[in-house]
Amino acid sequence: MRSGLCTPAEALEMPSSTEAATDECDDAELRCRVAVEELSPGGQPRKRQALRAAELSLGRNERRELMLRLQAPGPTGRPRCFPLRAVRLFTRFAATGRSTLRLPTDGVPGAGSVQLLLSDCPPERLRRFLRTLRLKLAVAPGPGPASARAQLLGPRPRDFVTISPVQPEELQRAAATKAPDSALEKRPMESQTSTEAPRWPLPVKKLRMPSTKPKLSEEQAAVLRMVLKGQSIFFTGSAGTGKSYLLKHILGSLPPTGTVATASTGVAACHIGGTTLHAFAGIGSGQAPLAQCMALANRPGVRQGWLNCQRLVIDEISMVEADFFDKLEAVARAVRQQKKPFGGIQLIICGDFLQLPPVTKGSQQPQFCFQAKSWRRCVPVILELTEVWRQADQTFISLLQAVRLGRCSDEVTRQLRATAAHKVGRDGIVATRLCTHQDDVALTNEKWLKALPGDVHSFEAIDSDPELSRTLDAQCPVSRVLQLKLGAQVMLVKNLAVSRGLVNGARGVVVGFESEGRGLPRVRFLCGITEVIRTDRWTVQVTGGQYLSRQQLPLQLAWAISIHKSQGMSLDCVEISLGRVFASGQAYVALSRARSLQGLRVLDFDPTVVRCDSRVLHFYATLRQGRGLSLESQDDEEANSDLENMDPNL
């Protein structure tokens, strides 16, 4: 009897999902909502047609001209083709799945134009589609005067052939283009109504050659295929296996409408541009009786959020309590008036139960999500990522895997105690201490900042709603007020330039401040780069679907940070004191933040702090034994319910 759980290898062998993934990876096609506006020569809309589900394709006609084909939904929808020689792109909101293409009618100046307003695009698919369009435009040969006249007088070309994938030589030719980037607009402007065709060759933004390393491993690609099929799934893996990276890739591959990104903590939610699971659910802490939780969820704003949700992403699932998950499942069915598990919502769940457990009061034993009564009905597929990306040293990887499973041999103890002598800082950058308690973090950072000579430079955040600053404090990795001095130890809390090593968790020291403007800090990072750090923006979603934003420097003081807030980070140089470890998995989370054993210093190591919950060990052991958790511990009724909710293709 199958439990409905499978391994990444099985997922890789599924032909239907492989074919689906192939279709999804075509950068010349895009499926989204499209509003077609026919504009007058003055730029005013004369006619508008809204298509809820349309397909855009890049191709060429029989004259090898670049064309855009718009296919309306349904068998009766007639395709329309637009020449792209004079297209103008408006891409300011591409990161949210929206963009606009303005095309002069038939490429003839003065004949008005057609405007395609794209929305609800999977952001990553939209980015690749626009990138392909820019590249093909950049290397397309421009017609001379005679050939242009011949084309206008000749018959209208009818054939349409999808363009070929971008070739390396096309990237090189595009990168060699020296023209200014005048044809790519950041946002539509009412005054910009000229239909004059741009000069050839079209200018493009600076483009880099793609890396030969695939973006996703085979394991990660298997997870993505399952998600794109509409399958509810839980994917797990040890620290550093790329769970956060994959989750962001998944979110970029799904339509924004109907996709709700959540996490168990505010910081984790902010990393994926979402909200906390509690804020979305709208039932408070979930400790109230089920009837009261349902009443809270039926409030107009909360109820609409549940009704609109088609795909629910939950990150850091290890910190979600079983009873809360069961109540969410019951609320979803009741509010949506559907008997399907979780009210028919596709669940995309990520996390590692061998990391931080749910927070409980007193000595109460935490109940993990996989112990929830509804877990098996709601999560028919579990995939485990096994390839570690954060650490390259196989010895360190093996050590961490042993600690993850609660095993601390004499050799592991010897290696960790030996790190106490490591000199993990250099060039004025000292190791970040990971603390078990947030109070210790605040006291440590405040003490060391006061000890530095010189003036304090304060940087105050700009919040979209100052009255909700406390909400932003809880969900943003940056504080309302950041105080710095010359010599302050800092850490980046956002990726700025991955190729240059300026990534989330990169360590540095303040070496100066600009003399003009706001006096922005100059930071020398451990990777050797000195950079002026400028304001960045964080956006979080709160109860009722409202969005809040905070503008602040992407820095935090880094003499110390808490183990809880370090979850998901990769740190260059780390100092750890595990004397006050109070939860299973806490020591593993702390140790696994380090990129290498050489960048780790462990003080007063005691093997007894390495522990994990036996129930979690059993969960993962049974997962690896066959195709997933055994049904032997479930009663027949629950087992039958599980099988009813299995995908028949598995």
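Using the three backbone atoms N, Cα and C, a Cβ is placed for every residue, glycine included.
Database features (Swiss-Prot):
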- 14-192: region 'PINT' (REGION)
- Ser40: phosphoserine (MOD_RES)
- Ser164: phosphoserine (MOD_RES)
- Gly237, Ser238, Ala239, Gly240, Thr241, Gly242, Lys243, Ser244: ATP binding site (BINDING)
- 586-605: DNA-binding region (DNA_BIND)
- 633-650: compositional bias 'Acidic residues' (COMPBIAS)
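According to its DSSP assignment, Gly237 (ATP binding site) is in a strand. Sequence-distant neighbours of Gly242 (ATP binding site) (same chain, six or more apart, CB under 8 Å from its CB) are Ser217, Gln220, Leu385, Glu387, Trp389, listed in sequence order.
The binding-site residues considered are Gly237, Ala239, Ser244; of these, Ser244 has the fewest other C-beta atoms within 10 angstroms of its C-beta. Using a 10 Å Cβ-Cβ cutoff, Lys243 (ATP binding site) registers 22 neighbours. Ser40 (phosphoserine) carries neither a helix nor a strand DSSP state and counts as coil. Fewest Cβ neighbours within 10 Å among the recorded positions Ser40, Ser238, Thr241: this applies to Ser40.
If you average pLDDT over the DNA-binding region (586-605) in this model, you get 87.
Sequence-distant neighbours of Gly240 (ATP binding site) (same chain, six or more apart, CB under 8 Å from its CB) are Val388, Trp389, Arg390, Gln391, Leu400, Ser570, Ser592, listed in sequence order. For Gly237 (ATP binding site) paired with Ser40 (phosphoserine), the C-alpha to C-alpha distance reads 56 Å. Rounded to a whole number, the C-alpha distance linking Thr241 (ATP binding site) with Ser40 (phosphoserine) is 53 angstrom.
Here the C-alpha separation of Lys243 (ATP binding site) and Ser40 (phosphoserine) works out to 49 Å. Nearest Cα neighbour of Ser40 (phosphoserine) among the listed binding-site residues (Ser238, Ala239, Ser244): Ser244.
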